[in-house]
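Trainee: This structure is in structure tokens; I'll ask about it shortly.
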Amino acid sequence: MAAFSKYLTARNTSLAGAAFLLLCLLHKRRRALGLHGKKSGKPPLQNNEKEGKKERAVVDKVFLSRLSQILKIMVPRTFCKETGYLLLIAVMLVSRTYCDVWMIQNGTLIESGIIGRSSKDFKRYLFNFIAAMPLISLVNNFLKYGLNELKLCFRVRLTRYLYEEYLQAFTYYKMGNLDNRIANPDQLLTQDVEKFCNSVVDLYSNLSKPFLDIVLYIFKLTSAIGAQGPASMMAYLLVSGLFLTRLRRPIGKMTIMEQKYEGEYRYVNSRLITNSEEIAFYNGNKREKQTIHSVFRKLVEHLHNFIFFRFSMGFIDSIIAKYVATVVGYLVVSRPFLDLAHPRHLHSTHSELLEDYYQSGRMLLRMSQALGRIVLAGREMTRLAGFTARITELMQVLKDLNHGRYERTMVSQQEKGIEGAQASPLVPGAGEIINTDNIIKFDHVPLATPNGDILIQDLSFEVRSGANVLICGPNGCGKSSLFRVLGELWPLFGGRLTKPERGKLFYVPQRPYMTLGTLRDQVIYPDGKEDQKKRGISDQVLKEYLDNVQLGHILEREGGWDSVQDWMDVLSGGEKQRMAMARLFYHKPQFAILDECTSAVSVDVEDYIYSHCRKVGITLFTVSHRKSLWKHHEYYLHMDGRGNYEFKKITEDTVEFGS
């Protein structure tokens with residue numbers, strides 16, 4: 001007890017009290033964060049995500065399995081560029097460890113020469129250090145080079161894999177419209193991928209170097225002070241590591257929430273840019289400012305909590321992984337020196353004792369620092385678990401969507417009050433799609449939205465090539481829904497749909513999409529220049545397509561086919577619609593869906609375009625309210641918005657409606 005009481009000084013008691021108080025605060029903060037997460041509910045911009053399916057973000061077997069799955073993507077083969085960089089980093093880490101040991105030994109000899117007043121020894125070892133500086137510097141910078149290149153290689157591999165899945169068929173559309181598990185995929189595909197790759201490589205370096213140091217220093221120290229010293233340090237590493245890992249568990253979850261809030265903040269800013277004109281007309285800047293400030297405030301509050309948590313953990317990490325580890329190191333290294341009966345130093349001179357202490361002490365200090373870095377690496381590993389959970393969730397959703405599986409909260413037909421609703425729930429993909437040329441036939445197909453809201457219970461009609469169809473009805477009646485089912489963007493919930501393959505259907509929206517690229521790219525999209533050559537279509541033929549829609553003058557005005565502009569801004573609304581029709585003439589599909597695509601075009605130009613479509617054999621499904629277009633169609637499909645429809649042939653007795 002007396003031996004213990006000498007440590008109960010006022011200073012030590014204060015430090016222990018501060019550490020205990022901080023642990024209590026940290027525990028209280030963790031509980032508060034958990035309660036806040038339960039009470040606050042779901043974020044307003046991501047309220048589709050199911051609480052029961054949130055990904056875990058802790059360091060466990062699940063994390064290691066996920067990490068292994070992603071590493072197989074980033075390092076696909078035994079012999080590849082990434083393996084080469086991993087090997088380079090490993091060699092540089094070993095070289096750096098040996099450089100550290102050599103610098104300790106050489107530095108001790110320099111100091112020994114100074115203390116022993118030996119000018120010869122001092123100059124010799126100092127010259128050795130000067131001669132080794134270029135090599136040591138080269139090793140350090142080769143290590144940095146390898147780490148940076150490996151981060152980039154990992155990012156390239158993972159990004160290409162994810163975009164290969166994301167841009168396969170209509171997956172990018174389905175993720176935003178048919179599945180509600182992932183919010184803000186742009187955040188995941190860009191920032192999260194970069195941070196994940198950086199974190200993986202940093203962890204590889206921050207774990208490999210300390211392990212190498214420990215192995216080498218244990219070998220050196222065991223021969224110098226015995227095996228008991230290194231064994232004591234390893235035992236301390238195990239105990240402190242388990243304790244700190246337990247305290248760090250919230251970091252993974254907090255990392256996931258940070259990235260979600262960052263994604264929300266990025267999303268509301270992109271909405272402001274995309275819809276700036278509409279917002280300006282409504283004078284909605286104050287409302288948008290409130291929205292942005294609200295989302296930003298939520299992000300800032302979370303970051304404040306995260307910063308405080310990291311401050312608390314940093315305080316405890318510093319004490320346990322650095323300073324207490326140093327104290328343990330001093331206790332271990334001092335034993336053979338303070339034990340006067342120790343056989344190692346019975347006949348050692350003062351100079352030999354000093355040199356031995358410096359070498360052993362510095363090695364043990366470096367070993368304790370290496371142990372501390374391994375303990376602190378647990379913090380990085382917990383943060384990596386957060387990124388790993390998000391990337392793995394994205395990969396799983398992409399895989400599901402590419403196999404036709406998606407998850408979305410279904411709206412019950414009883415709640416919607418639709419008469420004649422099916423007793424059994426709708427099953428996505430339950431219908432049959434048959435690919436046949438020159439015909440579109442809906443055979444007892446329920447027209448429903450992805451969340452199960454039935455627009456038409458049983459839709460049946462048949463159209464063959466050459467018979468144009470005019471589709472009309474109030475907003476929300478199902479006109480666009482019909483096209484989405486026809487284009488296979490939405491699942492078929494039942495019945496049989498007979499139609500040509502996707503490439504033989506073409507959709508022209510009211511607001512045409514202008515791609516990034518040249519004037520030629522606007523006409524041939526989504527084809528490229530090589531595809532144009534394969535089709536055997538010359539630039540002169542492209543010029544004829546522009547002339548057909550009265551856009552021939554644009555070729556000279558914009559500086560030729562290879563002119564690059566921001567075409568969404570350069571072209572007017574009418575020019576963009578006519579450009580989309582020129583694009584239609586280039587592709588010459590069997591069927592074309594025209595969704596109010598000539599609303600900004602004059603009647604005479606519109607009349608010529610429809611006549612030309614008939615001339616080149618393109619059958620049209622047209623959504624329009626213009627009476628002038630009835631003469632170009634043989635049938636009309638009218639939807640009343642209450643679940644009823646009428647499909648009839650247009651005759652002289654048909655009452656035309658529209659403007």
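Every residue, even glycine, has its Cβ placed from backbone N, Cα and C.
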Trainee: Which residue from K260, K504, K576 is recorded in Swiss-Prot as N6-acetyllysine?
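Mentor: The residue tagged N6-acetyllysine by Swiss-Prot is K260.
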Trainee: Note down the number of other Cβ atoms within 10 Å of the Cβ of N106 (N-linked glycosylation site), including every protein chain shown.
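Mentor: I get 15 for this one.
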Trainee: By Cβ count within 10 Å, point out the most packed of the modified residues listed: K61, K260, K399.
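Mentor: That would be K260, with the highest Cβ count within 10 Å.
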Trainee: What residues in the same chain, six or more past the boundaries of the transmembrane segment (84-104), come closer than 8 Å to it by Cβ-Cβ distance?
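Mentor: Same-chain contacts beyond the flanks: 75, 129, 132, 135-136, 139-140, 142-143, 146-147, 149-150, 153, 204-205, 208-209, 212-213, 216-217, 220, 359, 362-363, 366.
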Trainee: Find, among the recorded positions listed as K479, K533, the one whose Cβ has the highest number of other Cβ atoms within 10 Å in the structure shown.
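Mentor: The residue with the densest Cβ neighbourhood is K479.
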Trainee: Give the distance between the Cα atoms of K533 (N6-acetyllysine) and N106 (N-linked glycosylation site), rounded to the nearest whole Å.
Mentor: 70
Trainee: Using DSSP and collapsing to three states, where does N475 (ATP binding site) fall: helix, strand or coil?
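Mentor: In the DSSP reduction, N475 (ATP binding site) maps to coil.
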Trainee: Pop the Cα-Cα gap between N106 (N-linked glycosylation site) and S480 (ATP binding site) into the table, whole Å please.
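Mentor: Cα of S480 (ATP binding site) to Cα of N106 (N-linked glycosylation site) measures 78 Å after rounding.
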Trainee: Given the recorded positions K61, N106, N206, K260, state which is nearest to G476 (ATP binding site) when distance is taken between Cα atoms.
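Mentor: That would be K260, the closest of K61, N106, N206, K260 to G476 (ATP binding site).
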Trainee: How long is the line from the C-alpha of G478 (ATP binding site) to the C-alpha of K260 (N6-acetyllysine), rounded to the nearest angstrom?
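Mentor: So the alpha carbons of G478 (ATP binding site) and K260 (N6-acetyllysine) sit roughly 34 Å from each other.
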